[in-house]
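Here is the structure we will look at.
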């Protein structure tokens, strides 16, 4: 279950909370400021999801995890594996930075937005999710927030799991994490997931050529990691993973031409690192390489036919991060270097291009009596748009024991991607999108109820848009986002209740029209309890109405999609100390709804699974 953390403030006995899984008091978070710190010292709103949460919810995709979290809205073109977009606090899908073990996810293609429908949930051991601007720490993209997917495992042992469900869903997984001697650990994982799917296009709503078919998804994953303690303070690791996905989807069709309706994605990532953990100094050096090849093609002609489209991206990263204990807090500093390379013919890029970025950052955290102060500044030197500086600051005031007020301000930016710069409609003179965000929050513990409420405003300028008349991208867009976010957690006997409320008003500042696919109102509720060894969970989500475009006519029309209430029920039972049987019904009342106009979501689905550990 998701449950509020109750942690001791550093150098204080007062506990503050965030929305997260129940865990020991000394749990640390690394994503907020790129160094380990008690979760309660972080002034930004933080959510942590553990592997236990993922198993309890019985989710089959990363998107199914994220949709349950505060501030997140997801739009998807059909079922599992179909194109999806993530909106955090009303910002664009490419305004959320996605990290894998602290390293930027290599984005297949040149869209600049992470499509997590393709990332295997089997690799996820933990998610740290930070809301608000974080460009002063991570650089480009971190306007709405940061999602850090962590793959490292802690508990030794071997697990075999299997699951079957609606739409011919099958899932098989085997993983092991073993101690080799006193100082060496090895992790291996293999995963196979398949679903026949359902027809992604909603009948009669898009004007598309009828394609009465099933749009299925197949994924094969492998993961390996080797860790070794060189001494009491020095350690190193090497890690590699890859996945091979195939997705069928519905696409526009012109008689006599190939029907491009199949996607084949190959992705591999390798990284190695060296860590030092002293009493006052922590330091880490990590290098990584990733390569993604994303084919879209007509299966009758094959992915090497001239009609096929290939997005081929290589990414190189080098990170050096440091943190020093100073006074009642710490100071952090580091350097990030990244190079992205495309091959000729990638997407709509006629040539191969490189883009390099070097970022230098400085962070600080101090506890001064009843006040906690946090700040960061970063300068990025990019091969395309040269230098860009961002900064942020936050202050927390414990005005009454157990109650705190937090105020923060931060700037952020989004660099133009390679497609916008050099593609068929590219403009090499594009400038980065810029953001200024304010937030104020109260949090506390009242009568056993752990709560937090915040209000925020985000002004984004220099938005990159496409001009259909000049056939070029350009900077002129402005967006204003205003929102209220509230989270509450409390227990009533054996029941644990977790509630979040999001009001998000995201509008085009020039036309005052709401931004597409973002619901203005969301309410999420998680109820967990255990009775007679049965572990029950009920998930409720209300998504308010949202707007989208109808592309079946010209000029395009704006359409309003109604709101929907969704219920999931999950139960698990330990047959033996090693064998657990699980069952789940998703979309219990079989609601018919869309999160992207013209693309239907899954109806009622059943999943039966089991796992054996030894």
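Glycine is no exception: its Cβ is also placed from the backbone N, Cα and C atoms.
Marked as signal peptide by Swiss-Prot on the basis of similarity to another entry: 1-20.
Remote same-chain residues near the motif 'TonB box' (26-33) are listed as 5, 7, 39, 42, 44, 46, 48, 99, 102, 128, 130, 134, 137, 146, 148, 332, 363, 365, 374, 376 (criterion: CB distance under 8 Å, separation of at least six residues from the stretch ends). The feature motif 'TonB box' is assigned by Swiss-Prot to 26-33.
According to Swiss-Prot, the feature domain 'TBDR plug' maps to 38-152.
The domain 'TBDR beta-barrel' annotation in Swiss-Prot covers 155-614 and is backed by sequence analysis.
Per Swiss-Prot, the feature transmembrane segment maps to 158-165 (among others).
What Swiss-Prot lists as transmembrane segment is 169-178 (among others), and the listing cites sequence analysis.
Tertiary proximity for the transmembrane segment (184-195) is limited to same-chain residues at least six positions away from its ends with a CB under 8 Å from its CB atoms, namely 60, 79-81, 120, 122-123, 152-153, 156, 165, 167-178, 216-229. Residues or ranges marked as transmembrane segment by Swiss-Prot on the basis of sequence analysis: 184-195 (among others).
Per Swiss-Prot, the feature Ca(2+) 1 binding site maps to 199, 211, 213, 215, 250. In the three-state DSSP scheme, residue 213 (Ca(2+) 1 binding site) falls into the coil class.
Among the features that Swiss-Prot reports, transmembrane segment is placed at 232-248 (among others).
The feature transmembrane segment is assigned by Swiss-Prot to 279-296 (among others), with sequence analysis given as support. Residues 35-36, 102-103, 106-109, 260, 262-273, 303, 308-325 of the same chain, all 6+ positions outside the transmembrane segment (279-296), place their C-beta atoms under 8 angstroms from a C-beta of that stretch.
Annotated transmembrane segment per Swiss-Prot: 309-325 (among others), in sequence order, evidence recorded as sequence analysis.
Among the features that Swiss-Prot reports, transmembrane segment is placed at 353-369 (among others). Long-range Cβ contacts of the transmembrane segment (353-369) within its own chain (Cβ-Cβ under 8 Å, at least 6 residues beyond either end) map to 9-12, 33-35, 37, 41, 136-137, 139-140, 326-342, 375-384, 415, 418, 421-422.
If you look up Swiss-Prot, you'll see 371-381 (among others) marked as transmembrane segment, on the strength of sequence analysis.
The transmembrane segment annotation in Swiss-Prot covers 385-400 (among others). Residues 9, 12, 14, 43-44, 133-137, 139, 370-379, 406-413, 415-416, 430-432, 444 of the same chain lie 6+ residues outside the transmembrane segment (385-400) yet bring a C-beta within less than 8 angstroms of a C-beta in it.
The feature transmembrane segment is assigned by Swiss-Prot to 473-490 (among others).
Within its own chain, the transmembrane segment (558-572) has Cβ neighbours under 8 Å at 55-58, 513, 519, 521, 534-550, 580-589, 591, 593-595, 597, counting only residues six or more beyond its boundaries. The annotation transmembrane segment is assigned in Swiss-Prot to 558-572 (among others).
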Segment confidence, the motif 'TonB box' (26-33), expressed as mean pLDDT: 82
Position of peak Cβ density within 10 Å, selected from the binding-site residues 213, 250: 250
DSSP three-state assignment (helix, strand or coil) for residue 199 (Ca(2+) 1 binding site): coil
Neighbouring C-beta atoms (10 Å sphere around the C-beta of residue 199 (Ca(2+) 1 binding site)): 17
Same-chain residues near the transmembrane segment (158-165), Cβ under 8 Å, at least 6 residues beyond its ends: 60, 171-178, 195, 582, 605-614
Cβ neighbours within the same chain of residue 215 (Ca(2+) 1 binding site) - under 8 Å, at least six residues apart: 78, 79, 82, 197, 198, 199, 200, 247, 248, 249, 250
Intrachain residues whose Cβ lies under 8 Å of the transmembrane segment (232-248), provided they are six or more past its termini: 81-82, 101, 118-120, 123, 151, 197, 213-226, 261-278
